[in-house]
């Protein structure tokens, strides 16, 4: 069927709109329909996406903008295709909504050469890249214990207020500084204030012009929040497939994507599944995640913030996401409460490339030793709480002292936290990270007090801080 068929609205239920077409002109599922509404003297275009065919020449659609002002009998135009978004170099330094409209045009008439549908198939198997390569971030706790994969999918898990968005912003800054390339950011159902902060920080850091941003924020309809990640992913796919660039895709927050799917599912009348989630949760997640991949020589590396409701990792939303990830960075409220940032839980975080064949024997040996010391310290904490540290054996006392140094050394001064701490951010090369933790595990740093390890970069920073502390103590 070609576009330009005209239908009429017969029902409006929140953000779900039923539209009647003549029998020979029914639009296909995922087709974009357009209608206009007058609000405060201003004509606004509303996009509807077909979700279901109800029979009797009716289609059920999901609105991408507020449905305020829509009335029964109003005309709706079938565009004959899916929602499309602009792609290419002109998208850099621009902020878009879900349907590809520029939000920071400042009155300019911006032209784009090419538009792509947001509903695309994942790359064919023959085009996929099988090589596994470590993606160095310069953040010690990540590079050592939960190494990221170039072209992989990385999840930042955590409850409210433990630092997911700050870590995403930190990674955007580091990638632009150290790796070059293009970044695409999808703001899915998060706070508008965070979007404003992110844009200002990126402008201050000089990375805004290398990034395309797509926002569907908390105050927007569920249809917008469900599709905005696909809009951003489409822009990232263009940079990978046409311009042959390595791309970083940041999604904040995947839980809001799932939540939006649940809202849309309920509005469409589907029977809910476990804990009230949509019955097609795994399918919706798969459609998004399967497109985030590496093709021959070029990659999309995605960093996804994932809110964990009530810190419950068995909730279907985070549990469904786990299956797709190459590395998980779990942020801990307990570690954040100690003032140690990034608040990464070193024992709960995982990576599929924490294996000597991918990262080398030295890196693997040091990572395992660090985890063993931290695990032993965790087991001894209950004994220490009841009997005190003096009741431990000499060997266990040494283990606890080294674990505390390791815990402090896993914290790091980040670029994004400078405005809070006044301390410049640091990027620590991987080999320096491995050597530093190896020295602590061997006992080479047993003479240095643990406060010298707090919020520093490499071992050189520790020694400088220790010298400063000695001078202060006289």
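Note that Cβ sites are derived from N, Cα and C of the backbone, with glycine treated the same way.
Model, not experiment: these values are computed from the prediction.
Pulled from Swiss-Prot:
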| type | residues | note |
| --- | --- | --- |
| BINDING | 158, 159, 160, 161, 162, 163, 164, 165 | ATP binding site |
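Most buried of the binding-site residues 159, 161, judged by other Cβ atoms within 10 Å, is 159. DSSP gives residue 158 (ATP binding site) a strand state. Taking the Cβ of residue 158 (ATP binding site) as reference, residues of its chain lying under 8 Å away and at least six apart in sequence are, in sequence order, 164, 305, 306, 307, 308, 330, 331, 332, 333, 343.
Within 8 Å of the centroid of the Cβ atoms of 158, 159, 160, 161, 162, 163, 164, 165, where the record puts ATP, the same chain has further Cβ atoms from 307, 331, 336. Within the group of binding-site residues (160, 162), the Cβ with the highest number of other Cβ atoms inside 10 Å belongs to 162.
In the structure shown, the C-beta of 164 has more C-beta neighbours within 10 angstroms than that of any other entry among the binding-site residues 163, 164, 165. Secondary structure at residue 165 (ATP binding site), as computed by DSSP, is helix.
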